[in-house]
Structures are given as structure tokens and as C-alpha cells.
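Residues or ranges marked as domain 'Fatty acid hydroxylase' in TrEMBL: 88-226. Annotation source TrEMBL lists transmembrane segment at 55-77, 83-101, 136-154, 166-184.
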Amino acid sequence: MVATPFTVDLNKPLVFQVGHLGKAYDDWVHKPIVSKEGPRFFANDFLEFLTRTKWWVIPMVWLPVTCWLVSLSVRMGLTPPQAALAVVGGIFIWTLMEYLLHRFLFHIKTKSYCANTLHYLLHGCHHKHPMDGLRLVFPPAATAILCVPLWNMFKLLTPPSITPALFGGTLLGYVMYDCTHYYLHHGKPSKGYSRDLKRYHLNHHFRIQSEGFGITSSLWDRVFGTLPSTKAA
């Protein structure tokens, strides 16, 4: 007797269903549903609320933190030009983090129930429903949790006066990334770099999902050989 493949019911909360797809999850999650109406994740209203974030919440929460961190470095002895250089360095660090996280974590292959479920929450939901505007940016509470080990790593590897400004620059890079990502999905650039970047990113969603991992630029795709071919793009 042949087992019937599991089918996800899109009319029911999805999070606790997708794990049952097993090996079929990767194929399912990379067949996008293009609709501005996002699916329901949880039956519980509070958990559902926690999964939804307006894009403008990201700069509203994190830009003041970035400014405070940079001012902390200045009070600890950095000159304004030195602090600015540390911020630029932090933004550069973020661009590499953006690429590595997207390529090696967000696009990891999963097949177990728990791994499929976690991947769907982390990034799979975005590929399945790429136009869901309330699940495009990372919830601040989750970002704050992830900042703790990153901050400790910066403290371990950099001088005390540089650490806050460098971390603030990395945080600024993240804010730029999340706002850019939202714009690439919901903005309507008519020409120039922003139009090219939108095409580049939508190519990743709808044509070649195993390449084109950069969001704010294609720099690291060029460096690491994951730049889509001109014909594919």
C-alpha cells in the first residue's frame, strides 16, 4: 500500500503543518504563492501577532540604538572621524553577514519535522509568500536576542572604545538591509540602481533560488561565485 503524500491546507495555520512534508518540504517551499494576503501561522492570536511586523518598526527601534552606540564610542575616546570609520566598517561586516546567513542558514536543506518547522519560521515563509508585507522584516524581539552573542563576539575581538561604534555600524547595516529588502518587494523603482537591484532579487525568488544571495548588493555573490548568469537574470 502506497502512503498518501502529506498536503498542506492553506486555509489552516501553517507552522505546525509544514514539518509533516518531510523531504518534500524543500520543493514545496520554493514554489511561491504571489499574494499580498499573508497566511495564518498560528491558531493562537498572541503568537500570530508576534509574527507580524511593519517595516517602519525596524528603523524606529534600531536607529536610536545605533546613535547611542556611536556616541558611547565617542565618549570613550574615539574622535568623530574614527567613530565614522568604525561605523563604515560595521556596515561592511554586515554585508558579509547578510550574504553568509542568507546562503548557508536561510537556504539550508531540511527534511525532519522540527528542522522544516524552524526553517519555515526563519525564511521559508518568505519564499513561499514573498509578497507578505508583514513578514518581510525581522521582529525586533528576535533581533535583540540574536544581538547578544554578536555583541559578546565584538567585545572579545575589538578594543573597548571601538566595539560600540563597530557594532552600531553593523546594526545600521542590518536596518539598511531590512528596509531595502522591503522596498525591493513592495517599491516600484522605475530606473537606475534600485530597479536593477529589484530585478536581481526577484530573480532569486522566482527563477534561480540557489544563486543571488545578496540583498543590498551583489558584491559577495561576485566574490564567492554565486552571481546568476546574465541570461538567467
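From the backbone N, Cα and C atoms, a Cβ is placed for every residue, glycine too.
No curator has checked TrEMBL annotations; they are predicted automatically.
Bear in mind that the values here come from a model prediction, so they are computed numbers and not experimental data.
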**Study point:** Confidence summary for the domain 'Fatty acid hydroxylase' (88-226), mean pLDDT rounded
**Key:** 96
Point to revise | Intrachain neighbours beyond the transmembrane segment (83-101), with Cβ under 8 angstroms and 6 or more residues off its ends | key: 70, 73-74, 162, 165-174, 176-177, 213-217, 219-221, 224
Point to revise | Secondary structure content, the domain 'Fatty acid hydroxylase' (88-226) (per DSSP, counts of residues) | key: 100 helix, 0 strand, 39 coil
